[in-house]
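Undergrad: One structure, as structure tokens, below. Some questions next.
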């Protein structure tokens, strides 16, 4: 006889009843009291529910194969020479994308990826390889300049790093630089090209930030300090084992802030630029190759037990840029809009206050990198 009791998880159109004794035990046995009202079932902590929700998504949900037609469209993917970025590129080629810009830190590796994609899909003359080092603001600004006159229908901001080593890059801890600061530097610098594309081709471009469901693990108490980024840049205080999920929490909050900023500065006579963020789920990729020791081993075990393939993860990238304006300012999970998958902190009033404060801090940092960048958030009359 089991002493633990069932917990009900609702995701999408279905319910899952599991036994929870903490956050590690998962069973799909159906108990005798399955028919009881959910209100009679025991409550568990937010952390436990988040873990169970994650397991449900990883084990029982498979994002659908995308079918949206991208004919005539140009899509940029950062971090596209391997992993889910590479698989998203393969899906887009299958879905008739007319121009695919692969942005990779190494032009050589980017070209190898392009050659492989052409062989796999039989499509040639579609891929354009561009060098982009997200750890270097000059590389980011040069890339944005090269894109100024391009038609751009969608930007998938997928490039990111996962490391437990505290390393400086562009005057900030490298995870913050790559996953957050320079990612938003690029997003804002591309706005003029996106607005030009919107007006010229009567389209509604999309910027999509690849986040992570691991953002639910932390509530970022540092947001209450005078300068959050300064605290996160303190080597002595840095908790690097938390840095990746914290960077993704920052990315989600700031993506929502950016969407709000664009809403307050709508363009004249054209549709708004769509901004969203999403989780691809936990996928087998090279992202954790720089994580070693017991944490690396734990992540390896988790990958073996629950991880999606990069092909399945790549589906979520394509889904994020195919949702249309209904996804503006929203969060996607398993390939569809799912605000309930956000952490309680993000959805709380405290989360909104943190979002507004962090946006101000981010813009101060970006103004130092590119004076006047804030003006790009408002369209030219």
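Glycine residues also receive a Cβ, built from the backbone N, Cα and C atoms like all the rest.
These figures come from a predicted structure and were not determined experimentally.
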Undergrad: Out of 158, 265, 272, 276, which is the one Swiss-Prot records at the NADP(+) site of 84, 109, 133, 244, 248?
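TA: Candidate in the recorded NADP(+) site: 158.
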Undergrad: Which residue, of the binding-site residues 109, 248, has its CB surrounded by the fewest other CB atoms within 10 A?
TA: 109
Undergrad: On the Cα atoms of 84, 109, 133, 158, 244, 248, which are listed as binding NADP(+), what is the maximum pairwise distance in Å?
TA: 26
Undergrad: When you measure from the Cβ of residue 84 (NADP(+) binding site), how many other Cβ atoms are you left with inside 10 Å?
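TA: Here the count is 29.
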